[in-house]
Structures are given as structure tokens and as C-alpha cells.
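Peer 1: Structure in C-alpha cells, see below.
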Amino acid sequence: MARLYYDADANLDLLSNKTVAIVGYGSQGHAHALNLRDSGVKVVVGLYPGSKSAESARLEGLTVTSVAEAAEVADLIMILLPDEVQKTVYQQEILPHLKPGKVIAFAHGFNIHFAQVVPPADVDVIMVAPKGPGHLVRRTYTQGEGVPCLFAVYQDASGQARDRAMAYAKGIGGTRAGILETTFREETETDLFGEQVVLCGGLTALIKSGFETLVAAGYQPELAYFECLHEVKLIVDLIVEGGLAKMRDSISNTAEYGDYTRGPRIITDETRREMEKILYEIQTGQFAREFVLENMSGKAGFTAMRRREAEHPIEEVGKDLRAMFSWLSKR
């Protein structure tokens, strides 16, 4: 069984008298920067000129500079930018300032694993990937807790890359919850697979198909929305808290029986074969090449898909229903 590492296993002193550059100040960026700062680490935030996030970072008392300036002064550079822009920013703003002994870090292995970013041989290359959104990484830290993280070493030029990755994970609160060692390849391929087959692609396709089936059969769209989308969170919360067993222990016998007898008719052997094809596309780099080329060509197809999905009837029904949820408007 995989081992989890905790506070006692990591040495935050490895970051003392060091400067950490956080490149990007979005969901993960703001959480990493603030948590490290509150852990006693010297932090500088690197942003492009005119970034709307600069003022937010300054209001938190953080030092904000250009990406190039941050990369120049930092000992450890954590890149927390969208996958599709990392290569350009790295080549133009970061690479010229990478000196022997520095550390370049990522929260996802995409650009390293698929060779979009190829660091020089004399720097450490590490990954620390919180398994939760940035607001949760920050909130749990302020509560004295943390979000579990994955960590990995791609290149160990200093002989301390692993310890440095664990120290960084401790600085953002990860070792409070537990951190799990992996590789860039394993994290990248499993993360993409989970997103495409289950969490995003699979789930949204299932929700829409269920909604469309009920509406086509003459049921009210509002009821279809409740049954196929709204209640997903209620079920997922139970699964997260105690696995599939707790969920099944919490639902009615009718629902549980339907789970066992009808679920396998939805996820069939044909579905599993398609899952295997998608995994193969990830492993061979086919998906990565497709995604990179889509962005290089201006994202016309991506933009069209976004527009089409935004116009799906479930979105309009959901918008009207959510406006009536008093408990939701208070969040």
C-alpha cells in the first residue's frame, strides 16, 4: 500500500532563507502564495504586466513583480499557469533566469511529461499537486488543516529535490493531511484520464444524457434537472465521506437495488473498451498533441464547443431553478 508522509517527515527549514516565486495568482496561485507566506517562507508573485490579479496580491501584502523578475530572484519557481501558456512563459520569461541549483516546480505534470517544457540538466524539477481547488487549499490551511497532495521528482540535480518537494508541500499545508509520492508520468496520465472519463467528460455526458432522455419522454425539464444534475452533489458528498459503501448505506433499498442491477447496463464492456482507448490516447501523447495544436491554431474548435455546450437546455433550466434556491444565493 502506498505510504503517506506527514509534517514530521518534511523539513520546512529547506525553504528558510530562500525565495519562492509563484508564477500566476489564480485559484492555486493565491493559495500557494498565502500559505507559504504564512509558513514563514519568503514569497514573490510573478505576473504579466496589467494582470488583474496584481492588486489582489498586493492587498494581501505580497510582493508582485514581472515573471522574469520573479524568476531571477527566486531559488524555487512554481509555475501555476494554464497548461497551454506555460511553454511560452517558460521560454520567454523563466528559462533565461534558470541558474544551476535552482528549482522549477509544477502542480501538474503535463508540460514536463509531454516535453513542452524541457528544463536544463542543472536544475531540480519537482511537482507538488494539491488534490483540491485553491480555495480549499487556503481555507483548510487557515483552519489548521490541509489538503492531501501528490509530489514527484522529475530531475534531481542537487540531490535534495525530493526533500525540497516535501518541504514545499509542508509549506502549503499538504503534510497536515498527508502527501503521496508519484511520478510525473503517473500523475499526468491518471489526472487526464480521471478528468476525461469520470470527473468531467464522463459525468457531464451522463448528466446531459439522463436529462435529455427524461425530457424527450415528456417529463418536466425542472424535474429532470433535479433528478439528473442537482442531486449529484448529495450522492458525491456521501461517496467522498465514506466511499461507495457509505453512499449505498445512506440511500433507500430501492435506489440501492437499482444501482446494482441497472448501473452495469449503463457502463458496459463497450464503455470500458472506450475508456481503454481514451487511456491509450493519453499514454501515447495523442491527446496532448491534439490539445497543443488546438491552442496553436487559435482554439476555434474549442471555442465552438464551449458555445454549443453553454446553449444546452439544461443550462437555462438550471439557471432559473438556482435563482430560486435561497440557500444557494447566500454562499
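Using the three backbone atoms N, Cα and C, a Cβ is placed for every residue, glycine included.
It should be emphasised that the depicted structure is a prediction, and the values quoted were computed from it without experimental measurement.
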Peer 1: Since Swiss-Prot lists Tyr25, Gly26, Ser27, Gln28, Ser51, Ser53, Asp83, Glu84, Val85, Gln86 for NADP(+), which candidate among Gly134, Gly144, Gly146 does it give for that site as well?
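Peer 2: Of the residues offered, the record points to Gly134.
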Peer 1: Which entry in the list of binding-site residues, Asp83, Asp191, Glu195, Glu227, Glu231, has its Cβ near the fewest other Cβ atoms, using 10 Å as the limit?
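Peer 2: Least crowded of the binding-site residues Asp83, Asp191, Glu195, Glu227, Glu231, by Cβ count within 10 Å, is Glu231.
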Peer 1: Which one, from the binding-site residues Tyr25, Ser27, Val85, Gly134, Ser252, has the smallest tally of other C-beta atoms lying within 10 Å of its C-beta?
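Peer 2: So among Tyr25, Ser27, Val85, Gly134, Ser252, the binding-site residues given, the one with the fewest Cβ atoms within 10 Å is Ser252.
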Peer 1: Name the one residue among Tyr25, Asp83, Val85, Asp191, Glu227 whose Cα is closest in three-dimensional space to that of Ser252 (substrate binding site); these are the binding-site residues.
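Peer 2: So, spelling it out, the nearest of the binding-site residues is Glu227.
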Peer 1: Specify the nearest of the binding-site residues Ser51, Asp83, Val85, Gly134, Glu195 to Glu231 (Mg(2+) 2 binding site), where nearness means the distance between Cα atoms.
Peer 2: Glu195
Peer 1: Suppose you look only at the domain 'KARI C-terminal knotted' (183-328); what would the mean pLDDT be?
Peer 2: 97
Peer 1: Please report how many Å separate the Cα atom of Gly134 (NADP(+) binding site) from that of His108 (active site), as a whole number.
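Peer 2: About 14 Å separate the Cα atoms of these two residues.
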Peer 1: Determine the Cβ neighbour count for His108 (active site): the number of other Cβ atoms within 10 Å of its Cβ.
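Peer 2: Cβ-Cβ neighbours of His108 (active site) within 10 Å number 21.
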